[in-house]
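See structure below.
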Amino acid sequence: MDRSPLFLIIMGAPGSGKGTQSKLLASQLSLQHISSGDLLRNAVSQNTPLGQEIKSYLDQGKLLPDQLVWKLVHEKLDELQQDTLLRKLSFLSRSENGAILDGFPRTVAQAKLLNEFLCSYFPDYKIILLDISDEEVLNRLTSRYICPSCQGIYNKQQGFSRCPKCLVELTRRSDDTPEVILDRIQTYKQETQPVLDYYAALQRLITIDANAPTQQVFKNILDALPESNYTIHKKSCCDCCDCDCYDGCDCEE
């Protein structure tokens, strides 16, 4: 029996570990990682027609319309859908078994557009909510360091003064202050709760305790997914460590 491609959407507050868990899931389950932020930056840097339209909004300090962001994400999802269909028709073997999306949707309007698409091509899709306390977010973000070259994220407990990959001196984000972080948490809650309520009503929401260590969070996510939908592939668990297991590391994004 053919296994339905796995499609996950990962959501959570700043510092909840979305980036780390997305990398772990993509690596260990052979999922394509789709980041809406990366799609936006790539479109602008490549000066595509859509990128030019996005840049015009950003240059004016305006919020991007739901339909514009959806158009960008939809292009990528359509590529994924076409690839999945091709595999079914021609029995081609590809490394990806599905995809994980982060950074989208941010509004109920976006969620409805996405749901209409996914119900047609990935009907068993799930939303992974990384639920984390305000105190833990504050603790993580005030102790994180970033590589200005590769954008790798490390925490103070790891003891690095330089990026182990680039050998560039690590820096702090200027907005990683308690006051700004608390404001970002409140903004996240106000913007995201309606989206979470929408997905909860569709019975697609899986809530995971993200206060736990990275390794435990990852294992809890796997436990919450139907085993028939994935196969673990032992690879390097994320970009900031070289282990060949799926125990993860202590960095958080």
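Positions of Cβ are set from backbone N, Cα and C atoms, glycine also.
Here Swiss-Prot flags Gly15, Ser16, Gly17, Lys18, Gly19, Thr20, Arg144, Ile153, Tyr154, Ala212 as ATP binding site, drawing on sequence analysis.
The predicted model assigns the region 'NMP' (35-64) a mean pLDDT of 87. According to Swiss-Prot, the region 'NMP' annotation covers 35-64, on the basis of sequence analysis.
Mapped onto three states, the DSSP output places Phe104 (AMP binding site) in coil. Around Phe104 (AMP binding site), a 10 Å sphere centred on its CB holds 24 further CB atoms from the protein chains shown. According to Swiss-Prot, the AMP binding site annotation covers Ser36, Arg41, Lys62, Leu63, Leu64, Gly103, Phe104, Pro105, Arg106, Gln110, Arg173, Arg184.
The region 'LID' annotation in Swiss-Prot covers 143-176 and rests on sequence analysis.
The Zn(2+) binding site feature in Swiss-Prot is assigned to Cys147, Cys150, Cys163, Cys166. Shown in sequence order, Cys147, Ser149, Cys150, Gly152 are the residues of the chain, 6+ apart in sequence, with a C-beta less than 8 angstroms from the C-beta of Cys166 (Zn(2+) binding site).
Arg173 (AMP binding site) sits 8 Å from Arg144 (ATP binding site), taking the CA atoms of both as reference points.
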